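Below is one structure, written out as structure tokens; comments come after it.
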Amino acid sequence: MVMLALQWGGGEYPWNSATVIGLFVGFAVTMAAFICWECYMGDQAMVPIVLLRGRSTMLGIAFAFLFLGSFVIPVYYLPEWFQIVKSASPIRSGVMLLPSVCTQIFGSLVCGILAKHLRYYNTWLFVGSAFLCIANGLYTTFTVSSPSAAWIGYQIFQGLGCGFAAQIPLLTVQFALKNRPRYVPIGIATVLFTQYFGSAVMQSIGGAIFQNELKRQLQDQASLDNAQIEMLLNAGTLRVREVSVQAFPDHLADIIAAYNKSITTIFYLPIAGSALAFILVSGIPWVNTRSPQKDDMHYTEETDDLQSDKKTAV
């Protein structure tokens, strides 16, 4: 419901419409009911509350939500920028993403090799979120005349950031739950869910920002009326230049500048997300992966078994 509200708000329906407000209210009520039910079920819930008792798992899950959500925004909108602003074909825009893809693979390999020697996972989370935040900040400086060196170099930060930190929340949760193996699969599944859910939510918010900003820029900067704006929006990414040349060639430069401004505005969202993820890392305990783990959840397997038996008896 929340993603429908974000997608429709400002586009299909105004933000103050009953449909959009109803979707937000419905999401809030449903989420509150879900949380209450999970608390009532305790350790037998679909997402056991016990997973949120330790800082490592709780903050690792929150980091996964914010980090991957901040990563998918440039993954989706960089090809849009390449195709509209740089007039690249879909295949060409895919090739132009290779700096990010290659450095992401390289970063993952480096992280996998060095992680066991550094002993602390926190380092990778700090560096990865910092690199991703820097990359998104640099993307906001894009202009119509940005050279190849700019978008290639900026993607290196993005790829390394994702390669360094994307998989670390999974390792953090596994390490935090290693003395409670029954919760390891649930912990991994929860991290994966929050990663994809965060991606979907951030993408919906980014889409709403793009649609509203684009309409405003086309009106203010390109001086287009509502009918002309709808014509461009219906044309799609591939035909923006074609439709502009055919319908209003005198406004082509302003239209491209409006699209550039709208796309770069979106990157402020992942800046905030990755910066918040960086801050959350400071709350994750620094635990040496080679030393015996200290329990930060304040319970044991025996205690958990006793609680489960009591719950079953009730």
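Here the Cβ of each residue, glycine as well, is placed from N, Cα and C on the backbone.
TrEMBL lists 20-37 (among others) with the feature transmembrane segment. Within its own chain, the transmembrane segment (20-37) is flanked in space by residues 1-2, 4-5, 8-9, 13-14, 45, which lie at least six positions past its ends and keep a Cβ under 8 Å from the stretch.
If you look up TrEMBL, you'll see 58-77 (among others) marked as transmembrane segment. For the transmembrane segment (58-77), same-chain residues at least 6 beyond its ends with a Cβ under 8 Å from one of its own Cβ atoms are 51-52, 97, 100, 125, 128-129, 132-133, 135-136, 139, 158, 161-162, 165-166, 169, 172-173, 176, 190-191, 194-199, 201-203, 206, 210, 263, 266-267, 269-271, 273-274, 276-277, 280-281, 283-284.
According to TrEMBL, the transmembrane segment annotation covers 97-115 (among others).
TrEMBL lists 122-139 (among others) with the feature transmembrane segment.
Among the features that TrEMBL reports, transmembrane segment is placed at 151-171 (among others).
The feature transmembrane segment is assigned by TrEMBL to 183-210 (among others).
Summarising the annotation, TrEMBL assigns transmembrane segment to 266-287 (among others).
Per TrEMBL, region 'Disordered' is recorded for 292-314.
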Below 8 angstroms Cβ to Cβ, which residues of this chain, lying six or more residues outside the transmembrane segment (122-139), approach it?
63, 67, 70-71, 73-74, 78, 107, 111, 115, 150, 153-155, 157-158, 160-166, 168-169, 172, 264, 267-268, 270-271, 274-275, 277-278, 281, 284, 286
